[in-house]
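Okay, so here's the structure we're looking at.
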Amino acid sequence: MEQNSIYHKKPILLKLAISALFLAIAFVLNFFGKYLLFPFTAFLKFDFTIFIIAIIFTYIGWQYGLVVALTFFIIAPAYNELGYSTLSVVGHFVLFVTQISFASLFFLFKKIDYKSRISRKLKFRYWIYPLAIITLTTLLLILLNIFAINPVYFQFFGDTEIKTFKDLAAPKKWESYKNLFFGINNYYLASFALYGVFNFVNLSLNYLFIVLLERKNKITQIFKILHN
């Protein structure tokens, strides 16, 4: 059987059970996370399900992580106040992209670090790896929001004049919305600033949770059952 994680294989039923447990934790974190608003705007919220998916990708297997992320994407809108409305589904889609992108990069760098003797000798990996993971994921989300998500978001709130990001970026149109984006006059710069700051902070907090878990694991062997 092909190895699916950076550690040794465990029976499928055990992996499924642990994945289900992590999924339940993700639902709880997401439910309470709706109260954790980003200080500078009311439509961005911190989410700590991202590190859960990264843990599953790395310690159980990327297939399990993908299934958990998809399951979360399908079910999570059910307990959202907006239900399965366009805005809610789009928001959870962005979260799904965030989870998968961050988890994939974390898994990749972790695998490189695990298999490469040279990498393990480089002390700077302790900060360059997290910086690379967080920055690359943040850049992807900035582009996604600029070119796809923002137009959908404002269309949902009744601005039928906005068809594409170009309509939103028009100076006269952007004048109506710039206060939601630090008051910056340029659409692209404003979006880069807002989503850049938010996602960098959000992903950094998620990475911090991973670091704390892995340090705890060195003492308690939390993940021992997954790679014995």
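Cβ atoms are placed via backbone N, Cα and C, with glycine included.
In TrEMBL, annotation is done automatically, which means it is predicted and not curated.
TrEMBL has this to say about the protein:
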type: TRANSMEM; residues: 12-32; note: transmembrane segment
type: TRANSMEM; residues: 38-57; note: transmembrane segment
type: TRANSMEM; residues: 64-80; note: transmembrane segment
type: TRANSMEM; residues: 86-108; note: transmembrane segment
type: TRANSMEM; residues: 128-149; note: transmembrane segment
type: TRANSMEM; residues: 187-213; note: transmembrane segment
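If you look at the transmembrane segment (64-80), the same-chain residues 6 or more away from its ends with a CB under 8 A from one of its CBs are 4, 15-16, 19, 22-23, 26-27, 30-31, 34, 49, 52-54, 56-57, 88-89, 92-93, 95-96, 99-100, 103, 107.
Within the chain carrying the transmembrane segment (38-57), a Cβ under 8 angstroms from the stretch's Cβ atoms is held by residues 5, 19, 22, 25-26, 29-30, 64-65, 68-69, 72, 95, 98-100, 102-104, 106-107, 153, 180-182, 194, 197-198, 201-203, 205-207, 209-210, 213, all 6 or more beyond its ends.
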